Amino acid sequence: MATPLGLETNAQRGIFVTYMSLWVAYGMLNELAKRQSVRFNSACAVVLQSLLKLALATCMYLTSDTQVTQPLATRFCSMMTQVHENRKLLLLYFIPSGLYVIYDVLSYVNLRAFDAATYFLLLQFRLVVTGVLHQMMFKKRLNRNQWISLGVTTVGCAIKTLGSHDPLNGSSTLSDNGNSPTTLMAYGLLMVQLLSSTFAGVYNEVLLKKQASIPVNLQNVFMYIDSIVCTLAMLALGLTGQTASEALTTANFSVLFSPYVLPMVLIMSGIGVVTSLFLKHLDSIRKAIASSLELVVLPLLSAVFFGQEITLYTAAAVCFVSFGVYMYSLPVEATALVGLPQYTKVASGDQDEEQTDEDDTVVSSKSEPTSPDDKLA
């Protein structure tokens with residue numbers, strides 16, 4: 001019997017559930033912070049998260065991938081030696097890190113160019129884009145059921161997004177430019193943002209799986225070093241609308257250590273490590289599906305803990321996403337191509353001529369049964 005989403009081992013199931021649970025917990029804490037009117041600087045939070053991720057990855061490498069009996073200084077020097085020997089991989093990790101920075105920057109630009117409903121609706125097509133990029137990068141074709149799953153799940157996410165911004169629910173949000181028409185350039189930038197996110201995830205998966213001899217924790221160190229450099233460069237250039245001196249202030253950092261924000265920062269730091277394990281042992285497609293499941297699980301939990309109403313949009317989205325997950329887990333039977341001949345293996349050893357001729361006979365998948373007269377001939 002096929003397992004849901006092909007999660008065959010306990011490790012795979014544990015990684016999948018942990019990844020989704022962390023994102024759901026982050027969403028619930030974010031909702032709680034909004035209800036308490038807690039505001040914090042996102043750029044400052046990203047810098048702190050990156051520093052915590054780097055510290056966590058370094059600690060995991062020193063405790064799991066080195067000789068624990070050696071002194072800490074010796075193990076740290078060994079790690080720095082590995083960093084120097086694999087400096088080419090360190091540079092390669094600037095690609096996904098830089099793409100994630102581009103995604104963050106364009107999110108500010110595109111939210112001003114589009115109304116919220118259109119923006120989040122178009123972003124849901126990253127599921128299909130992830131499938132296409134996964135085929136291109138790994139040269140591994142998705143089967144029919146997997147494509148149906150991605151399509152159905154995308155529709156489910158789109159339905160949920162439309163429901164979240166339905167004017168009848170009073171949650172519709174206009175863009176900063178009011179009702180002004182959206183230009184072709186804006187759609188182009190949105191496509192760049194979508195491709196940046198999906199390509200970064202798929203390329204990160206490629207690095208993790210193609211460099212399997214290098215420990216995941218060391219690759220995480222590379223990723224977070226590059227992320228810090230790219231984030232600081234983004235702030236230095238003022239691409240987020242604020243400079244580093246404006247974002248990285250004592251007041252902004254103090255807010256991050258409040259009871260409502262600190263758990264979110266810690267969860268996001270853990271998500272960074274779990275994401276690498278997810279891409280190492282699973283793939284970016286199932287990662288996208290996990291994000292889709294989170295999109296429909298959050299409203300259900302919000303209804304339980306915050307009393308939010310479960311709308312018809314949410315119910316429909318749950319049905320579509322659940323069916324998409326079911327379709328992904330269905331096996332596809334391999335069928336022979338019609339019209340192509342199949343040859344049987346010639347038996348070895350001394351056999352009579354009649355048996356040898358019979359073994360060499362071409363068996364067509366659409367051929368008619370052989371008549372008795374043909375056998376005699």
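Glycine is no exception: its Cβ is also placed from the backbone N, Cα and C atoms.
Annotations in TrEMBL come from automatic prediction, not curation.
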Which stretch, out of 40-59, 260-279, is listed as transmembrane segment by TrEMBL?
260-279
When you scan the chain for residues with a C-beta under 8 Å from the transmembrane segment (147-164), skipping those not six or more beyond its ends, what do you find?
117, 120-121, 124-125, 127-128, 130-131, 171, 285, 288-289, 292, 295-296, 299, 311-314, 316-321, 323-325, 327-328
I need to check the long-range neighbours of the transmembrane segment (89-110): which residues 6 or more away from its ends have a CB within less than 8 Å of a CB in the stretch?
46, 83, 119, 186, 189-190, 192-193, 196-197, 199-201, 203-204, 207, 211, 214, 219, 222-223, 225-227, 229-231, 233-234, 239-241
Out of 12-29, 184-208, 220-240, 260-279, 288-306, which stretch touches the transmembrane segment (312-330) the most, going by CB pairs under 8 Å?
288-306
Of 12-29, 184-208, 220-240, whichever stretch has the most CB pairs under 8 A to the transmembrane segment (288-306):
12-29
In terms of Cβ proximity under 8 Å, which residues at least six beyond the ends of the transmembrane segment (220-240) contact it?
43, 46-47, 50-51, 53-54, 57-58, 60-61, 79, 83, 86, 89-90, 93-94, 96-98, 100-101, 104-105, 108, 204, 247-248, 272-273, 276
